[in-house]
Each structure stands twice: as structure tokens, then as C-alpha cells.
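**Q** I'd like to ask you about the structure that follows.
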Amino acid sequence: MKAVIGLGNPGPRYSGTRHNAGFEVLDELAQRLGVAFRRKWRLKSDLAEAPGFDQPVWLVKPRTLMNRSGEAATAVLRRSPAEMQDLLLVYDDLALDLGRIRVRPGGSAGGHNGVRSVAAALGAQDVPRLRIGVGPRPPGADQVAYVLGRFTPDEREVMNEVRGRAADAVEAVLRDGVEAAMNAHNGRE
């Protein structure tokens with residue numbers, strides 16, 4: 001079993017913000033696969049079960065705030081046969097320019113509080129991930145205000161295209177593994 005966890009903040013207040021790029025990618029996947037998210041209280045998440053892969057796949061959008069995403073990740077591991085290496089985190093990254101994506105087998109949180117929460121809750125940083133560029137932050141702009149802000153119209157146009165490429169990368173990870181997805185999707189802009 002695999003679980004793809006898109007990091008974001010729940011609720012309409014955060015919809016369309018840079019920090020919810022992970023949610024947007026999971027929404028794209030759910031639409032492609034013809035599945036809908038349902039609230040799963042015990043998982044502290046909204047969940048869609050994705051068909052068409054060689055094993056069951058859960059698409060997971062935590063209902064916790066970003067900084068508490070680890071609670072949802074641990075609930076998923078407790079209530080499913082998935083192991084830590086079966087997770088894939090999908091999230092926004094200020095260190096990557098808008099329009100870029102990166103698949104990685106693991107790594108540090110890089111200042112991302114949602115990833116930090118997951119790493120702390122799981123006791124490890126070696127969780128596969130897909131980083132979605134939302135940077136760079138304009139000079140002098142407050143980091144929190146920037147990531148919680150909505151995309152400009154020009155940025156939204158780029159993000160709409162990136163969302164599709166990121167969904168392709170998630171499908172590649174699920175079908176072919178992290179290494180193959182890295183080779184196919186890293187460096188393509």
C-alpha cells in the first residue's frame with residue numbers, strides 16, 4: 001500500500017494559497033482518477049482511494065493545520081498497512097522557483113514546518129517527497145505572509161501548468177518508483 005500526503009491548511013481561508021500547493025496536486029490527481037475525498041476523522045484527514053495502480057493508494061489531505069501534519073501522517077501509518085517508505089509527501093517549497101518540481105527520496109525539512117512536523121512525528125527524515133516550487137519570496141516580504149498569500153494571476157497561470165506536471169510525477173513515483181520519477185521529472189521545466 002502507498003499513501004500520498006499533500007501538505008496544506010484545511011478550509012476556504014487557505015484555498016489557493018502558495019502553502020496549499022500540495023493539496024492542489026492531490027485534487028488534480030483525484031480529478032484525473034475520478035475519485036472524491038471523504039472526511040476520515042480517525043486519520044485526521046480527507047481521503048480518496050486511488051485506483052489503477054498495482055497496489056492500493058491513498059490520497060491524503062490532512063485536516064490538521066500545516067504545522068501539525070505529523071499527526072495525520074502517524075494516523076495514516078497506524079491505520080493502514082503502509083510503511084514509512086510507502087509515503088510520498090507533496091508540498092510547496094520556497095527554495096525552488098515557481099514552475100519547478102523536484103522528486104527526492106528524503107532529506108531535511110528545509111525550513112518547512114509541515115515537513116518538520118511529519119519528520120518529528122515519524123522520527124525520520126527519509127520520507128520520499130515531491131517539492132513544488134513557489135519561490136522566490138520577494139526581497140523584504142514576510143515569509144509567513146508570502147506562503148499564506150494567494151498566487152498572482154501570472155503565478156496562477158504557471159501553477160496551473162505545474163500542478164499537472166506534479167501530478168504526472170506523483171503517478172510516476174507510484175508506478176515506477178522514486179528513482180525513475182527523479183530521472184523523468186527532475187530538471188524538466
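Residue positions begin at 1 at the first shown residue.
The backbone N, Cα and C atoms fix where each Cβ goes, and this holds for glycine too.
Not measured: the values here are computed from a predicted model.
Look at TrEMBL and you will find ASN9 tagged as site 'Discriminates between blocked and unblocked aminoacyl-tRNA'. The tRNA binding site feature in TrEMBL is assigned to TYR14, ASN67, ASN113. The feature active site, proton acceptor is assigned by TrEMBL to HIS19. Positions annotated as site 'Stabilizes the basic form of H active site to accept a proton' by TrEMBL: ASP92.
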**Q** Specify the nearest of the recorded positions ASN9, HIS19, ASP92 to ASN67 (tRNA binding site), where nearness means the distance between Cα atoms.
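**A** Out of the listed candidates, the nearest Cα belongs to ASN9.
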**Q** Taking Cα-Cα distance, which of the recorded positions ASN9, TYR14, HIS19, ASN113 are within 10 Å of ASP92 (site 'Stabilizes the basic form of H active site to accept a proton')?
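**A** Those close enough are HIS19.
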**Q** For each of ASN9, ASN67, ASN113, count the other CB atoms within 10 A of its CB; which of these recorded positions has the top count?
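**A** Of ASN9, ASN67, ASN113, the one with the most crowded Cβ is ASN9.
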**Q** Once the chains shown are all counted, how many other Cβ atoms turn up within 10 Å of the Cβ of the residue listed as 'active site, proton acceptor'?
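**A** Taking all protein chains shown, the residue listed as 'active site, proton acceptor' has 23 Cβ neighbours within 10 Å.
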**Q** Which residues in the same chain, at least 6 apart in sequence, have a Cβ under 8 Å from the Cβ of TYR14 (tRNA binding site)?
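**A** Listed in sequence order: GLY8, ASN20, LEU148.
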**Q** Cα of the residue listed as 'active site, proton acceptor' to Cα of ASN9 (site 'Discriminates between blocked and unblocked aminoacyl-tRNA'): how many Å, rounded?
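**A** That separation, Cα to Cα, works out to 7 Å.
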**Q** From the centroid of the CB atoms of TYR14, ASN67, ASN113, the recorded tRNA site, which same-chain residues not already listed sit within 8 A by their CB, in sequence order?
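**A** These residues sit around the tRNA site: ASN9, HIS19, LEU65, MET66, ARG68, SER69, GLY114.
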**Q** Provide, as an integer number of angstrom, the distance between the C-alpha atoms of ASN113 (tRNA binding site) and ASN9 (site 'Discriminates between blocked and unblocked aminoacyl-tRNA').
**A** 12
**Q** Which three-state DSSP class does ASN67 (tRNA binding site) fall into?
**A** helix
**Q** So the record assigns TYR14, ASN67, ASN113 to tRNA. If I measure every Cα pair among those residues, what is the longest distance in angstrom, as a whole number?
**A** 16
